[in-house]
Structures are given as C-alpha cells and as structure tokens.
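Shown next, in structure tokens, is the structure this report addresses.
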Amino acid sequence: SVPRCYLNKQLATVRVLKGDSAELSCTVSKDNVTGTWFKDGLKLTSIPGVIFEKKGFVHKLIINKAEDIHAGKYRFEGGDVKTEASIFVEDPPQVDKVLLQNLTSVPTVAKAGEGVKLRIPFEGRGPIRATWLKDRMELGDDARIRVDKTDTCTTLSISSCDRRDCGDYKVRLKNDSGVLEINLKLVVIDKPQPPAGPIKIVESSANNITIQWKPPKDDGGKPVQRYLVERQQVGKNDWETLGETPRSCTSFTTSKVEEEMSYYFRVRAVNAEGASDALESGEVKAAGKASPGAPDPPEIISASRDTITISWKAPHKTGTSQIMGYIVQKRKKGTVTWLPVTNVPVKDKKLRVPSLKKGVQYEFRVAAVNAAGTGQPSDPSEPAFARDPTKSPGQVQDLKVSSSDSTSVTLTWNKPEVQDGNDVKGYEVEMRPCNSVSWTKCFTLPAGSTSCRVQGLQAREKLFLRVRALSDSGPGEASELEACAGAAAPVVSPRLLIDDTVKSFLVIKAGDPIRVKIPFEGSPEPVVTWLKDGLPLPSRAAVSTEDGSTQLLLRAAEFSDSGSYTVELGNGLGKRETFSFQVQITDIPQPPGAIRLEENVPSTVTVTWDPSASEQWEKNLYYTVLKRESQKGLWHVLGDLIYNNKFTFTQVVPGKDYYFRVVAKNDLGASDPSETVQPWRIRKTKAEFRVKAQKYRGVNHNQPPRFLVPLKPHVVVMGSECHMSCAVGGHPAPKITWYKDSRDLTRDPNYFCTNDFGVCSLVVLGVTKQDEGEYMVEASNEVGRAFSKAFLAIKGNS
C-alpha cells in the first residue's frame with residue numbers, strides 16, 4: 001500500500017521504503033485556492049520523481065519512486081491553510097525476489113569433497129552487516145569455511161564439504177532501516193557409511209553359510225541401492241565377489257563352501273555415489289559333513305547350594321555315525337571362558353554338576369560327539385544360581401488372544417498366584433509353527449507387563465504360543481495356546497495425518513522437552529524413520545511408534561537441537577511420504593559483558609558494555625540501563641529498549657556517587673545483571689569547558705552567511721546520542737545560534753554546541769521523546785543572515 005499523509009492533521013511523519021511511492025495531501029476550504037509546496041524551507045517548482053496534483057479542494061504531492069533526495073520536511077501553504085510533514089526514506093537490505101525464491105525453495109546440493117559457494121548479492125543503505133549462521137551459531141573463518149563480504153555481496157565458501165555441513169543456514173542482513181533474514185538449506189551427498197555391524201552368522205553348515213547385517217546408519221543422502229558381498233578364504237590374500245542383494249535384503253546365503261574350511265566375509269553398501277567402506281566379519285568355519293549339529297540349549301532341572309542338574313536333547317542332525325556322548329561345559333555368567341565339566345563325554349542326556357560356588361550364576365552348553373569328532377556347541381542355557389531351591393512361580397492365568405491382524409497376534413494374561421514370597425521377576429514368551437517341534441523365544445518382559453504383540457506373521461498363519469513366569473528360583477510352568485493371524489488387510493499407501501495440532505515451526509525454551517506426536521495410516525504397517533537435518537537423530541532423542549502414531553521426544557532441549565526434523569513413512573512397496581518441521585531453541589539471555597564508563601562530554605557519563613553472548617542467536621534482544629546513588633539504594637531505570645551497547649546519562653550531579661547496571665532482555669525475560677563495582681563521581685570543582693576557535697580567515701570580505709553543507713534529517717534510537725552538523729561560510733565570521741521549535745538552545749545544559757572554523761555541531765545527549773522535532777541553526781553577521789532546518793525523529797515513537 002502507498003504511504004499517505006493528510007496534512008490537515010497537524011505535524012506528521014511518513015516513512016517510505018526506497019523505491020516505493022508516497023503521497024501527501026491537504027484539503028483547503030475553497031476550490032480556487034492556489035497552494036504552494038515547500039521542501040526544507042525552499043519553494044518547490046519541480047523535483048525529479050515528484051508530481052503535484054489538484055482535484056477540487058484537495059492538493060496532492062505524489063512521489064512515484066522514493067529516493068534519498070526525497071527525504072526532508074515538506075510544507076504546504078494555501079489560503080488559510082499552512083501545515084507540515086516529514087518524509088523519511090528507509091532503505092533496508094533487499095535481495096532480488098527471483099534469486100530469493102530460488103535460494104529458499106530449492107536446497108543447494110553438493111557432493112562430498114567438492115567446494116561450495118553460497119553468494120548473496122544485496123542492496124540497501126550502508127553500512128550493511130552480513131552474518132551467516134548454522135544451527136543458531138554464527139559462522140566464522142576456519143580451515144574449511146570462509147565468510148566474505150563486500151558493500152554489495154556476501155559469500156559463504158566451504159573448501160571441501162562433507163556430511164557434517166548438511167543442514168539449515170541463515171543469512172542475516174542488517175542496517176539502520178531493518179533486518180532481512182534468508183533461510184537456506186545445504187544437502188551434501190556422499191557414498192554411504194559401512195553397513196551396521198557386527199556381521200551375524202545365521203547358519204554355518206557343511207553346505208551353506210548365511211550371514212546377516214544391518215543397514216548403514218547414514219546412507220550418504222542418497223538411498224542405498226544394493227549390497228555387495230565378498231569372501232576371503234583364511235590363509236589367502238584375494239577376495240572373491242559372491243553376489244549382490246537389493247536394499248531391502250540384509251542377509252546372504254552362499255553354498256560355495258568346503259567342509260571344515262574357514263572364511264572371512266565383508267559387505268559394502270552402494271548408492272548412486274559409490275560403494276561404502278567394508279564391514280568385515282570374524283573367522284567363520286564351515287562344519288564337517290560327518291560331525292553332529294548343535295543341540296538345543298540345556299534346561300535347568302534343579303539347583304542346590306553347590307550343585308545344578310541339567311538335561312538336554314539329542315541334536316536334530318546327528319552326522320553320519322552314532323552319537324557316542326556329549327561334552328558339557330560351564331561358565332560364570334558375564335565371563336567368556338567355557339570350562340569342561342567332565343574329562344570324558346557324558347553318555348546320558350542328564351548331568352548333575354557338582355562343586356559349584358554358592359550364590360553364583362552359571363550357564364551351561366553341550367556338544368554332541370560321534371566318530372567324526374565333536375559337533376557345534378549349543379547356545380548357552382538360561383543362567384541359574386547355585387543355591388537351595390525355592391518354589392517356582394505357578395502358571396500365568398487367563399492366557400488369551402486379545403486381538404490379531406494379518407501380520408500379528410496380541411496376547412494378554414494375568415500374573416500367577418505368588419506363593420511363599422516367591423515374587424515374579426518377569427515373563428518369557430515363546431512360539432513355534434504348527435509344523436515344528438522347536439520353540440523360539442520371542443520376548444523377555446518385565447514383571448509389570450502382562451501383554452505382548454507377536455509380529456512378522458503371514459496372513460492366516462497358525463502357530464503355538466506359550467508364556468511362563470520367571471522368578472529367582474527359575475521359570476515356572478508354561479501356559480500354552482494355539483493362535484492364528486487374520487486375513488491380509490488391503491494395501492493402503494502410507495499417509496501422515498497432519499492436522500492443526502502438528503505445527504510446522506516450533507519455538508522451544510532451552511531445557512524444556514521437545515515432544516512431537518504425528519498420527520499416520522498405512523497397510524502393511526509402514527516403517528517410520530526420523531531424521532534431523534537429513535541425518536540420524538542424536539542419541540538423546542527417543543522415538544516411539546505404536547497404535548498408528550509416532551512420537552519424537554527430547555527431554556531437555558539444547559541449542560544444538562535447533563534445525564529441520566523429518567519423519568518418513570515407507571511400506572516396502574516403493575510408497576513413501578515425508579513431513580518436515582522446524583524447531584528453534586531459545587532461552588533467557590546471557591548477561592551483558594563488562595561495563596565501561598567515560599566522561600566524553602562534561603557533566604555526563606557514557607555507559608558502554610560488551611554485548612551479551614545471546615546476541616548471536618537472539619535477534620529480538622535489547623538492553624535496559626539502571627542506576628542508583630549509593631551501594632544500598634534502589635535501582636532506577638535510565639533507558640529501556642536499547643538495541644546497541646551504549647547509553648549516555650546527562651543529569652549527573654557533581655560530587656555524587658553513581659552505580660550502574662545493565663540487563664539483557666528478550667520475550668522470555670531478563671538476564672542476570674552486569675554491574676559496576678566502583679562508584680562513578682564527578683568532582684564539584686571542574687574547569688570550565690571551552691573551545692578556543694582560531695581566527696576566521698575568509699577569502700572574500702563582507703560576505704553574507706551561507707550554508708556550504710546544510711543540516712540533514714536524523715532518525716535515532718531513544719537513549720542514544722545524536723550529532724547534527726553543518727558547514728557555514730561568510731565574512732565576518734557568522735555568529736551561530738541553535739533553535740528547537742523556535743526555542744533558543746544556547747543556555748540549555750541538555751545540548752552541547754561547538755563551532756570549529758565554520759563546522760557547527762549540536763550534540764543531543766541521551767535523546768528522549770521530548771527531543772523529537774524541528775531543529776534550526778541561524779548564521780548571522782553584519783552583512784546578513786542565513787538559516788538551515790532539519791527534523792529529528794525518535795525511532796519507534798513516531
């Protein structure tokens with residue numbers, strides 16, 4: 001909209017952006033009145049970019065495109081109307097709109113190792129301060145990063161970027177007319193990190209070896225396309241490529257094995273930028289064809305203070321000859337060394353292990369022996385204490401299927417009846433398919449949990465489930481049931497259910513929790529992934545996903561938590577959906593730095609201080625200055641809403657002690673104060689301040705006064721100093737008199753006037769709202785008089 005000012009409403013001020021249009025209008029009482037416009041006391045006949053218009057009773061002055069020459073004080077006279085207004089042309093930092101749209105809408109993408117230059121050309125009234133920030137911290141020059149600035153451009157250069165440089169950047173351009181902030185996003189792409197380890201050996205037999213791994217924690221900014229699997233025979237140097245797997249498959253089975261031969265395996269992740277470094281396995285040995293397989297883990301039958309009795313079953317694979325016995329080993333829980341229980345194989349499938357240490361937990365394992373040798377050992381048994389038996393907990397009560405769908409079954413139960421103080425310490429849930437006799441452990445749950453969800457099932461799959469209570473004396477008797485998964489649900493594309501409760505921009509106080517909960521839908525159930533600035537979340541972040549919603553939680557926000565967060569849904573069928581939001585962490589400001597006091601002008605004190613550390617992340621920060629006149633007196637506010645680091649106190653009484661305090665503030669509150677320790681005092685006896693002017697040496701004699709450089713309008717912040725100056729010529733040397741609103745300022749102690757060889761200055765100390773108005777300087781000698789006027793505006797009060 002065009003700034004308009006109606007001069008009939010007395011003195012007014014118009015603020016207009018450079019390049020915009022402005023309009024002054026005045027209504028007279030008669031249609032035939034011919035009005036006259038003045039600028040800075042001079043009659044206007046024509047001025048570039050200004051149009052004079054009269055329609056009936058209304059006279060208008062229209063500025064089509066405001067420039068610096070249009071700033072000044074305007075007056076209209078016509079008939080019985082005489083009124084004034086001031087125009088201030090503001091020129092805040094600006095960036096080309098097309099360039100700004102391109103910078104903010106499309107992320108800058110770079111490859112790791114390449115150099116990046118982000119160049120922002122700008123316009124506006126100088127000087128313009130340019131600041132680059134990442135994660136709310138100001139960037140400075142270092143070995144890789146350099147910030148350059150000229151009068152018209154600022155550039156951020158990164159010599160060799162890497163994934164650490166991903167994230168949101170902010171450019172802050174600031175001058176006296178305003179602030180412009182530009183948000184940029186930099187994405188650095190690279191080859192992925194190695195797959196997450198360790199490599200797990202799922203199966204190792206005489207015919208096959210199956211390995212398994214996890215996806216890399218960082219995919220390099222590009223999706224993983226496939227995995228490369230290689231193998232090296234122990235004792236050889238060459239690696240052999242076995243094959244590839246798609247990104248959705250993180251296991252590999254090879255049949256190219258030799259009996260009792262040992263191998264190393266390694267896996268690399270591949271994206272569009274290349275292959276990652278390799279994740280390597282330990283030594284893996286292929287089992288002999290004739291040796292037995294591994295039995296199931298032994299079961300604990302009974303225990304006493306120095307003995308534990310165990311039993312086990314024969315392995316499913318007995319090899320090519322009859323099993324001759326079993327090797328039994330033991331170890332203390334938490335150790336890695338297995339010790340033999342007997343010196344010869346045990347023929348029975350039950351053994352009482354003596355000479356144990358009372359109160360110590362032990363684990364056991366067995367390996368079958370035949371004519372070909374000793375087979376693979378079983379997995380360890382459940383740990384058991386060597387101590388006198390106590391009664392095991394009873395069966396869980398009311399075991400049932402509470403719900404099921406196409407991929408899962410949910411069980412619920414009640415705790416067993418506890419007898420003789422034998423408290424339940426937890427629960428163990430096991431499952432087995434209908435066509436198998438082996439039970440597989442699904443969960444070990446704490447005592448407070450009486451439900452669980454078994455996932456990863458096929459539609460209409462039947463299976464058996466059992467639950468047993470656990471106590472210090474061992475597992476109780478299991479309760480068992482048969483369950484069936486439901487029919488396959490229709491495929492529903494993953495979709496985030498974003499509504500008004502999910503904000504795209506969050507402002508969080510440091511130390512408060514960050515909690516964002518987002519509902520979603522999809523079938524099969526989508527896989528949820530959270531990222532911060534394109535990278536995995538910090539280790540402090542907790543993510544929970546259940547019942548069609550996912551939640552991000554950081555219990556105590558830190559400044560490093562500011563940035564862009566993304567939640568991504570994927571269903572394994574190529575369908576994906578993402579949602580991103582910004583988080584900004586703020587806090588009560590840090591206190592200002594050290595305070596310094598100076599008497600730049602007699603009977604005044606100028607208070608300066610080092611800026612608060614919070615200035616680099618808080619753009620709405622300002623300061624309040626207070627003083628008191630004794631160590632135990634009350635503090636009184638001298639100046640508020642101060643946006644710089646300087647304040648002048650003018651009403652200093654000689655001989656009094658003064659203490660000063662500065663506080664930083666923002667929307668959340670005030671910082672701790674920074675105070676002076678020693679009192680400030682001006683002695684009562686002080687020499688009169690005089691300026692000894694040299695004799696004026698004019699070239700021409702008897703010249704009337706004239707202004708070589710006129711006064712200019714000023715806009716200042718309340719509480720700061722204002723310096724107004726002009727240059728005067730003439731002979732004899734003119735006498736200089738300053739006025740404000742026609743009032744002589746010669747004897748006013750709040751103003752300080754000087755005249756050095758025709759350069760005349762007026763200093764307004766600690767400006768207040770009452771100092772706003774028109775100032776005039778009069779130059780007079782015996783030949784004539786001359787005048788120059790300018791308007792002083794207090795920022796934020798017009």
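Heads up, the Cβ atoms here are built off N, Cα and C, so glycines get one too.
Among the features that TrEMBL reports, compositional bias 'Low complexity' is placed at 398-408. Positions annotated as domain 'Ig-like' by TrEMBL: 3-74, 494-586, 705-788. Per TrEMBL, domain 'Fibronectin type-III' is recorded for 194-289, 294-393, 395-490, 591-688. The region 'Disordered' annotation in TrEMBL covers 372-408.
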Looking at the stretches 194-289, 294-393, 705-788, which one shares the most CB pairs under 8 Å with the domain 'Ig-like' (494-586)?
194-289
For the domain 'Fibronectin type-III' (194-289), jot down how many residues DSSP puts in helix, in strand and in coil.
0 helix, 50 strand, 46 coil
Looking only at the domain 'Ig-like' (494-586), mean pLDDT returns 87
Reduced to three DSSP states, the compositional bias 'Low complexity' (398-408) has 0 helix, 7 strand, 4 coil
